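Beneath this line is the structure, given in structure tokens, with notes to follow.
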Amino acid sequence: DLGAVIYLLLWGRQLFALYSSNDVTDISDDRFPKPPEIANGYVEHLFRYQRKNYYRLRTEGDGVYTLNDKKQWINKAVGDKLPECEAVCGKPKNPANPVQRILGGHLDAKGSFPWQAKMVSRHNLTTGATLINEQWLLTTAKNLFLSHSENATAKDSAPTLTLYVGKKQLVEIEKVVLHPNYHQVDIGLIKLKQKVLVNERVMPICLPSKNYAEVGRVGYVSGWGQSNNFKLTDHLKYVMLPVADQDQCIRHYEGSTVPEKKTPKSPVGVQPILNEHTFCAGMSKYQEDTCYGDAGSAFAVHDLEEDTWYAAGILSFDKSCAVAEYGVYVKVTSIHVWVQKTIAEN
């Protein structure tokens, strides 16, 4: 006695099931024939969960479920617990090419940075944000308070921001969460109202479990910031930059001035946040840095062994294009625990 039979059809990307009894005459649709029996054997009814492109199955089992005598679908390893599909991170279809340079030292990003988001304030100021999973993005705390008073709260900020992912795909913001020490750690999180569909144009970047911000390591920073003629760019671009020596970066900002802005001492008239939670990238005589509008973008590092892209940092400070040679980034390893905790609690 074979018991009840579940006939399955994978139609497009949806899984459909038809229920029937043992009697093959009960099957009215010949697209679902009853499996033929064999001598000295039996038919085992099972199905397998598959993942869509740009997702992976998260399960301790193999995704295969069989029908037991209690008419329950059971996996040998996890029982009736179902697998989950989670988005792939850090696997762009068209990774950055370090050879194809364009005017101004920046590079044209053709789907190379699918984690890059564009955020626009209520006064039309453009900044960056970085997708880290299907529903959350990292950006700077300063970005979240653009055009707001000192007394503004995170709740005040969220409704005034417009956010785009991929190619101008508008997404709605549910809430923003500031780092508890955002005056020293210039970071905030954005939660979307709905999860985004991950594809070749929209994909999160991975968060690292180790420090990739080693002096001399080259990373890639993308954004819609100003070019070196101080015009906002229409297309996403990127630049390659090495991690700089922190002490040299600190001396640069402490000892440099411009004639019209001598206080505080800094090449751009304001002092960046430099502490154990930050690192610098760029070179002292290099004119191909990121520019105003890129804050919130990731310092993306390619791990060649894993063939995976990680966010080593989030750009916090770089407002001058050709004046300040170093950009300042918040280390993602410094905020990783807070990020995971905040996402879990929200």
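Heads up, the Cβ atoms here are built off N, Cα and C, so glycines get one too.
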Based on the record in Swiss-Prot, give the one of C249, C291 in a disulfide bond with C280.
C249
Tell me, how many other CB atoms lie within 10 A of the CB of C249 (disulfide bond), whichever protein chain they belong to?
23
Cβ distance under 8 Å to C280 (disulfide bond), same chain, sequence separation 6 or more: which residues?
V243, A244, D245, Q246, C249, L274, Y326, G327, V328, Y329
Could you put numbers on the helix, strand and coil content of the domain 'Sushi' (32-85), residue by residue per DSSP?
0 helix, 17 strand, 37 coil
